[in-house]
Amino acid sequence: MTTATPPAGAPATTMTEETATVNEAETVTGRGTVEDAGEGTIEEATTTPAAGAAPARLIAGQADHDGKGREKEGGDGGWGKKGASPGRPSQALPSQQSLLARDGEEGDKTRPKSVEPNFAQSGALAAETNTLRGVVLKYNEPPEARKPVRNWRLYVFKGKEQVELFHVHRQSAYLFGRDRIVADIPVDHPSTSKQHAVLQFRQVVERNEFGDTKSLTKPFLIDLDSANGTMVNDETVPPSRFYELKSGDVLKFAFSTREYVLLVET
């Protein structure tokens, strides 16, 4: 700070470097505003005005512009570069970026994962092709199934009384069971299963002692994994296996007292 000593009789005036006169390039109006001012920040400059002088304002950032609405090189004024679009930012705002990132994460969580096609057999086709009157059958006939040539009959006895007779040579298989919708030979005792057992005629090849072969159609019985089993001549047959029958065999199902006698005409 420098203090000047005025001549004798003159009033003393103290001025600092910060309270220097406004740049000569600026024209101060009578109202104390600067003409041709830019959009820079206006700051009050504290001066000790002379008698009758209007207060001056110092415009910060004025030197960064050329007065024609363009920014000088290296300036930090508020006009922006020539040719730039002032109303549309070139990059997303921070709030937009956070929303996009959050939407992307939530989309990855909610988006269903791709599922590879499964060409394995589901069993639906087999169930559809092995359905009778809307009921899925537990049994499929084997390739060697044949309708018998000889006349086989099945006599049903309750005690010593014959109650029914079935001619079982008219088709290759007969289903025993409690479900009358699909059963060929109904068995109404509550201990029997809905699909209990099957009488199946099969073609088999026999070879004699001389090596000669011949084909025969014989009756077999198969238990369909019933709850209480199947018996032939009072012996329980193994489930899910063909058991060869002969003329005169007596069949019984579960706890029913009815007897089914298989005979062939000679």
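Including glycine, each Cβ sits where the backbone N, Cα and C put it.
For reference, TrEMBL has these:
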COMPBIAS  1-30  compositional bias 'Low complexity'
COMPBIAS  43-62  compositional bias 'Low complexity'
COMPBIAS  63-75  compositional bias 'Basic and acidic residues'
COMPBIAS  102-114  compositional bias 'Basic and acidic residues'
DOMAIN    174-237  domain 'FHA'
REGION    1-125  region 'Disordered'
Helix, strand and coil counts within the domain 'FHA' (174-237) (DSSP): 0 helix, 33 strand, 31 coil
For the domain 'FHA' (174-237), mean pLDDT (0 to 100): 95
